[in-house]
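Colleague: Mind looking over this structure? Questions follow.
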Amino acid sequence: MYQHVQPNNTNHIHANGHNVPTKATSNGTMCANGSLGTEGPEATETDASGTGRMRKPLERNGSTQNHVVHLERRLGLFSGVALIVGTMIGSGIFVSPSGLLVRTGSVGVSFIIWLACGLLSLLGALAYAELGTMNTSSGAEWAYFMDAYGPAPAFLFSWVSTLVLKPSQMAIICLSFAQYAVEAFVTECDPPRGVVKMVALVAIVMILFVNCYSVNLGMAVQNIFTAAKLVAVVVVICGGAYKLMQGNTQHLSNAFNGPMPNVGAIATAFYTGLWAYDGWNNLNYVTEEIKNPSKNLPRSIIIGIPLVTLCYALINISYLAAMSPQEMIESEAVAVTFGNRILGALAWLMPLSVTISTFGSANGTLFAAGRLCFAASREGHLLDILSYVHVRRLTPAPGLIFHSLIASAMVLHGTIDSLIDFFSFTAWIFYGGAMLALIVMRYTKPNYPRPYKVPIIIPVVVLVISIYLVAAPIFETPRIEYLYALLFIFAGLIFYVPFVKLGMTPRFMNKVTLFFQLLLEVVPTSSMAMFE
C-alpha cells in the first residue's frame, strides 16, 4: 500500500531535503524565494503586475523517504540537441521530399520553401525559448496558455494535443518505420497492410517500455539513434557531392523554370515542408528535466534547428544531383532510389537508415508527449492518474501509456495522409496561439524575469505566418476536414465546463485512480509517498 502525507503548505521542500522559505503571491499561491536545485537560479515568482501565476519548476534528486517524488533534471546540452534533431529528422526527408515539388512545380521554389520552413521553425523555437525560460514547467503550449489566457484555452490545447496531435504524430512515424522495416523482407510486391500495422504496434510497445523503464535509457536511445541518422545524412550528402563533382548539375541549373504556384499552393507546400521540420518545440515539453534550462534550452535550439536546416538543404541538392525532379516525384521512397543509384552493393543502407531515423523520431515524440499529459493532468485538466510518476524510476509512466494506447488505435484505423492533413492544420493554430501568448505577456507580465528574450518582431512575424498557413488553404480549397478540426477543438468545452470549471468528479474515479496507482506503482508528485 502507498501512504500519502500532504506536504506542508508553508514551505517548499528543496532537493536536498531542506525547507526553503516561501512567500504568498497576490493571488494566494505560494512560491519559493531564491534559487532552485543545483543548476543555478530559476525564477519562480509571479510578476509585479500580479496577473496570472507561474507554476514552479519541479527540481528533485529522487523519490526517497521524506522527499517529494518528482521528475529529475537529467538532460544536458547534448541530450537537448539530440532530442530536437532526433525528433525533427524522421521519415519525411528520406521518403517524400518530392511533395514540395508536386505542390510548387519548381525546383527553385521548393528549395526556397525548404529553407523558409527551417527559418520559420528557428524563429518559432527562439520565441518558445523565451516562453520556456520564463516558465520552466513542462507542457510547452499548455503552460504558456495557462499563463497568458487562463485555464480554458490551455485545456482546449491539452484536449486536442493529447487525444489527436501527439498520438497522430507518433502513429505516422511508426507506420513509416514499419513500412520500411517490412519492405526489407518483401521485395517482389507491396508489404501486406496487416503486417505493417503489427510491426508499427510492436515499435510502439518497444518505445513505451524504454521510456517507462528509465529516463536515462530513453535519452540514451535518442542520442544513439540521432547519431546514427546523422551518419545516414552524411552518406547521402557525400554521395550527392560525388555526383556533382562528376558534373551532374543539369537539374539544378534550371531551378526556376515553370509557373509560379498560387497562394493556396504555397501554403499547402509549407504544410509539407513544416511536417518534415516538426518537432522543433519538443524540448519545451520537458523543461522540468533540463539541466539549467535558462541556458541549455536556447543553446539547444540555436544548435539543433540550423543543423537540421543545413542537412535538409544539402540532402535535397544531393537528390537532384542523382535524379531528375520527375523521378523524385515518381519515386515512392526517394532515399532508396538514391541509394540504388549511388551506393551499389551498399544500397541496403538507405532502408536501414530510414528505419533508424523513424524509430529515433518516434522515441523522442513519445518522450515529449508523456510530459504534456503529466503537466496538464497535474493542474486538473486531465485524469489525475496521468500526473503520477513511477515511485522508483521517476518516469511519467501513466502519461506515456495513455499516449501509446491512442497512437496504437490510430495505427489500426488510420492512414498516414489523413493524419498528416489534420495534424498540420491544427498544430499551426496552437503555434500561432503561443506566439500571441508571448506578445500578450510582454504587456501583462512586463517585470517577470526573462533569462532569454527575443526581439518582439520574431513572435509577430511567426504569428502572421501562422495565420496565413491556417487561413490560406481554407479560402483557396475549402475542405470539410478543416471544419471538423475546428469543431473538435471547441468540443473540448463540453468536458471543460463540468469536469474542470465546476470540478465535478464521478464517484467511481477515485477507485479507478487507486487501482491504476497500485497496478503501475505510481504516486502523485504533490504528495509524499513511500512503500510500506
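Cβ atoms are placed via backbone N, Cα and C, with glycine included.
Keep in mind the model is a prediction, meaning the values are calculated, not measured.
What TrEMBL shows for this protein is this:
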REGION    33-59  region 'Disordered'
TRANSMEM  75-95  transmembrane segment
TRANSMEM  107-129  transmembrane segment
TRANSMEM  141-161  transmembrane segment
TRANSMEM  167-186  transmembrane segment
TRANSMEM  198-218  transmembrane segment
TRANSMEM  224-244  transmembrane segment
TRANSMEM  256-277  transmembrane segment
TRANSMEM  297-321  transmembrane segment
TRANSMEM  422-444  transmembrane segment
TRANSMEM  456-475  transmembrane segment
TRANSMEM  481-500  transmembrane segment
Colleague: What parts of the chain pack near the transmembrane segment (107-129), using Cβ distances under 8 Å and only residues at least 6 beyond its ends?
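Modeller: Distant contacts of the transmembrane segment (107-129): 84, 88, 97, 100-101, 140, 251-252, 254-257, 260-261, 266, 269-270, 273-274, 276-277, 280-281, 284, 297-298, 301-302, 305-306, 308-309, 312-313, 316, 320, 325, 431, 434-435, 438, 452, 454, 458-459, 461-462, 465.
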Colleague: When each of 75-95, 141-161, 224-244, 256-277 is checked against the transmembrane segment (167-186) for Cβ pairs under 8 Å, which one has the most?
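Modeller: The stretch I would name here is 75-95.
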Colleague: How about the transmembrane segment (141-161) and the transmembrane segment (422-444): at least 3 CB pairs under 8 Å, pairs 6 or more apart in sequence, or not?
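Modeller: Checked: the transmembrane segment (141-161) vs the transmembrane segment (422-444), in contact.
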Colleague: Taking contact to mean 3 or more CB pairs closer than 8 A (sequence separation of 6 or more), are the transmembrane segment (224-244) and the transmembrane segment (256-277) in contact?
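Modeller: When sequence-distant Cβ pairs are counted, the transmembrane segment (256-277) does not touch the transmembrane segment (224-244), since fewer than 3 lie under 8 Å.
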Colleague: When each of 75-95, 256-277, 456-475 is checked against the transmembrane segment (422-444) for Cβ pairs under 8 Å, which one has the most?
Modeller: 456-475
Colleague: Go through the chain and flag residues at least 6 beyond the ends of the transmembrane segment (481-500) whose CB is under 8 A from any CB in it; none is fine as an answer.
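Modeller: Distant Cβ neighbours of the transmembrane segment (481-500) are 151-152, 155-156, 159-160, 164, 380-381, 421-422, 425-426, 429, 473-474.
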Colleague: If we skip the immediate neighbours and take only residues 6+ beyond the ends of the transmembrane segment (256-277), which ones have a Cβ under 8 Å from one of its Cβ atoms?
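Modeller: Sequence-remote neighbours of the transmembrane segment (256-277) are 88, 90, 92-93, 96-97, 99-100, 103-110, 113-114, 116-118, 120-121, 305, 308-309, 312, 420, 423-425, 428, 468-469, 472-473, 475-477.
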